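S.K.: Below is a structure I'd like to ask you about.
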Amino acid sequence: MTIVIGFEGSANKIGVGIIRDGEVLSNPRRTYITPPGQGFMPSDTARHHRAVILTVLKEALEEAGLQPQDIDCVAYTKGPGMGAPLVTVALVARTVAQLWDRPLLGVNHCIGHIEMGRLITNAHNPTVLYVSGGNTQVIAYSERRYRIFGETIDIAVGNCLDRFARVIKISNDPSPGFNIEQMAKKGTKFVELPYTVKGMDVSFSGILSYIEEAAHKMLKSGECTAEDLCFSLQETLFSMLVEITERAMAHCGSQEVMIVGGVGCNLRLQEMMGVMCEERGAKVFATDERFCIDNGAMIAQAGWEMFRSGQVTELQDSWITQRFRTDEVEVTWRD
């Protein structure tokens, strides 16, 4: 029996989760929410994390009914992410590991999403679409690495949605992407937007520039509603993602798709991916907001896999990095 505690805080979520041999014992988190029209600055986000992280840690232990001596390993997000929030979490994880005299493990954020998805969905060997505010990648496992088959060449899909939300002052509570999804359900008119797929890669900066420029003119003239723009943006972005995912599936001969990351809990994206999979005789796997949005349990689960395969991070190597590609990690726990 191995119990791992995981600390996640690479962006505006701060979470602490505890995993025991594939069972989620606790997974509390907090979100730093800014006013409509604003993003979140690294320094302000880190200040928020510092203010609440010990409360969240206490909640995680109480919810799991555990004491520090019950924990076998302390895992934390090493990267990628925003520098100041990552440092905050790494400092707490290092301190806790030393106070409790437990080994430390630095975890790749994306690997955390993938391993949590595999645990929750029981997908065998899926093609992975990883979509969040900071990352957009199509991934498949091969020879002890999660190989990136396609990715964004500029901004992430979640960043594109978030920045559009700021343009038309959509609320950030609980998240701009969720509120865009709800508004999109009321959209009735499709507005044609730039569609940019380049081989296996996608580009979202052009569509964002276009809609930032055109949105207020269209809304002011009555050409369309804010709901129509949300609907059109979602349909266009998600069509691009489905296209490159299908291409990766064909290349790998895969019959499974797993969607992970914060944008992955969008039901319209899951629906569109499901249509494509049905046409191919494949299956689509996804998780709900408990596990697709950044959380501590996903770091604990990846840490659990790494720890069981003999990995640990020495204290002098327990730094963070804002750039940490998925395919840099040797996957020692899979055949």
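A Cβ is built for glycine as well, from the same backbone N, Cα and C atoms used for every other residue.
Feature table excerpt (TrEMBL):
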type	residues	note
BINDING	His109, His113, Tyr130, Asp294	divalent metal cation binding site
BINDING	Tyr130, Val131, Ser132, Gly133, Gly134, Asp162, Gly177, Glu181, Asn266	substrate binding site
DOMAIN	29-300	domain 'Gcp-like'
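What does the local environment look like for each feature on the list?
M.R.: Within the same chain, residues at least 6 positions away in sequence whose Cβ sits under 8 Å from that of Tyr130 (divalent metal cation binding site) are Cys110, His113, Ile114, Thr136, Gln137, Val138, Ile139, Val260, Gly261, Gly264, Thr326.
Cβ neighbours within 10 Å of Gly134 (substrate binding site), excluding its own Cβ and spanning all shown chains: 19.
When pLDDT values are averaged over the domain 'Gcp-like' (29-300), the model yields 97.
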S.K.: Highest CB neighbour count within 10 A among the binding-site residues His109, His113?
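M.R.: Highest number of other Cβ atoms within 10 Å: His113.
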S.K.: Using a Cβ-Cβ cut-off under 8 angstroms and a sequence gap of six or more, which residues of the chain neighbour Asn266 (substrate binding site)?
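M.R.: Expected: Gly177, Glu181, Gln234, Phe238.
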S.K.: Output, ordered by sequence, the same-chain residues six or more apart from Asp294 (divalent metal cation binding site) with a CB under 8 Å from its CB, or 'none'.
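M.R.: Spatial neighbours, sequence-distant, of Asp294 (divalent metal cation binding site): Glu8, Ser10, Ala11, Lys13, Gly15, Arg29, His109, Ser132, Gly262.
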S.K.: Which residues, in sequence order, are found in the same chain with Cβ within 8 Å of the centroid defined by the Cβ atoms of His109, His113, Tyr130, Asp294 at the divalent metal cation site, excluding those residues themselves?
M.R.: Ser10, Cys110, Gly112, Ile114, Ser132, Asn135, Val260, Gly261, Gly262, Met298
